[in-house]
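Q: My structure is below; once you've seen it, I'll send some questions.
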Amino acid sequence: MGSKHKKNASKSLRAFSFIILSASIALVYIFNPVKLIFPSSIIRFHHGLPPQSQEIVTEQPKSHSKFQLKHIYHHGSGKNYKIHRRLDITPEYLAKHDAYFQHFNQLQSGTEQVSLDNLDSVVAQYDWPKHHQGKNPWTIELPMKIAKRPAVRLKQRHDHNYIDSYLQYALSVKSNPQHINNVQLEWISEDISVPDVKDRDTVVSLATISSNAYVRFPKDDDEKKNSDWIDVGEPWVPDDRNNNIEFGWGDDGLRGHIFVSEDNKTVVIGVKGTSGAGLPGSGSEETQANDKTNDNLLFSCCCARISYMWTTVCDCYEKTYTCNQDCLEKELVRKDRYYQAVLDLYRNVTEIYPSESHDIWVTGHSLGGALASLLGRTYGLPVVAYEAPGEMLATQRLHLPQPPGLPKHAENIWHFGNTADPIFMGVCNGASSSCNLAGYALETACHTGRQCVYDVVTDKGWHVNLLNHRIHTVIDDIIMTYNDTAPCADQPPCRDCFNWRFTSRDDSLDDEPPLPNPLRPGKPSTTSSSQHHTSTTTTTETSRPQKCLKRTWYGWCVEWGDEEDA
């Protein structure tokens, strides 16, 4: 009897041990399942996000590299939109302007008294973050961590003519899926090099590149004679009437600063943001007029039509809360607008650094960040933008290509911002807002890609203020004060300009695109008469498009003319 009890006890002990062992294995699988199944990679889930926002990230070995400024591009806009030039930052160039750089470092180190009446001193003081105080923005080396992530991009993205033809066709058919599918876009999935946005040094370095685009450039009399700039667009020769035009940092245009890695394999394009009076920390007033025009075109509901007292940037407004969608889309793709300028800038960069053999990233602050996002979506480039206004509306109006069913976390577009910045949060509008008083109609709030937001209102008790939009504030007082980078999540459901009605020519037409078709000749305008059972056909001549050439101070048009007379 005793031995029988011992056997039963032994069986019970073995059964209990088996249960404990099984439970232990189960717990290991529950809390660390992927390491046991996939020892070569780690899949991480971002907890705390809604299911549709959870991102599965496959981490792979990361590399480090240092980046340095190699080129500056300037693309003209407005009446000078055909001008495009490049400045190479060579040792000879740095030696030539050594005195200016030493003076700049003295300003940053605080050894020289800065007068609030001296605009140059104030701009220099605010253009460069304190984190890099004493460092030369033209020779600084910026460390970054490079990661690998999957991406879905157009196979023909290296063919600029193909991209142009697609954008024109997509605009003509309003991105109608039935017709876009006929193009048979070919998407390819591949692992690409991207900036590691979870590494604080990398986020700071990219923000520094965005800040670098604001730094003033040394100019002298030789500079006005185009001694250092290389024409990559339409040549320009000074004459007696135009011998004082300043290029590179002139009154019209878009700037891009090109940083290149040590191994010459990775290129970062830093797009300059808004320069203008009334926006603190946005640089000098060098490109104020065109920056404001493009800001109001990209981020307003209808050409910056806020009230009858505003001068609109285009003639698409029809009546109260009604706007012509076709007109808006044509304005965005005009050759003298910034979207075309940033496309041309990218194409000239790829002449030196071909996209087939180089990894190209884009970054920018404010307007520069939004343009970086539009460029990245057009060509499938990784983008890190800082404090950019909502660019989703512009993306839709431009009908940019997007892989079907691709989740936002796979787009490789990251928007960094803070909750105390009214421009990034989309609340810098209304009659009493600072943006409105400065002449900016920033009415959009929706972003594409992922949003990485520092909640400084909750964490630090900050108040919403336009001063928190400055790039050096973002670097010195936000990113550098947090141990980790901001968590990234999808944009919640968002719609801009919901109270506006947008009209289009295809509202009353069939869905067939009005493209040349040899099998279906165009229909002439006809007038029929029932008398004598005869009909006559007359072709009416379409009138040339006209636009407003001159307005009164309260917005009433007093002079109309042809498009080319503007």
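Glycine is treated like the rest: Cβ placed from N, Cα and C.
So Swiss-Prot lists the following for this protein:
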TOPO_DOM  1-17  topological domain 'Cytoplasmic'
TRANSMEM  18-38  transmembrane segment
TOPO_DOM  39-566  topological domain 'Lumenal'
CARBOHYD  Asn264  N-linked glycosylation site
CARBOHYD  Asn348  N-linked glycosylation site
ACT_SITE  Ser366  active site, charge relay system
CARBOHYD  Asn483  N-linked glycosylation site
REGION    507-545  region 'Disordered'
COMPBIAS  522-543  compositional bias 'Low complexity'
Q: When the pLDDT values for the topological domain 'Cytoplasmic' (1-17) are averaged, what is the result?
A: 56
Q: Of these recorded positions, Asn264, Asn348, Ser366, Asn483, which scores lowest on Cβ atoms within 10 Å?
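A: With the recorded positions Asn264, Asn348, Ser366, Asn483, fewest surrounding Cβ atoms within 10 Å: Asn483.
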Q: What Cα-Cα separation, expressed in whole Å, is found between Ser366 (active site, charge relay system) and Asn348 (N-linked glycosylation site)?
A: 23
Q: Going by DSSP, is Ser366 (active site, charge relay system) sitting in a helix, a strand, or coil?
A: coil
Q: In the three-state scheme derived from DSSP, which category covers Asn264 (N-linked glycosylation site)?
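A: Note: Asn264 (N-linked glycosylation site) is coil by DSSP, not helix or strand.
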Q: Rounded to the nearest Å, what's the C-alpha distance separating Asn483 (N-linked glycosylation site) and Asn348 (N-linked glycosylation site)? Just drop the number here, would you?
A: 38
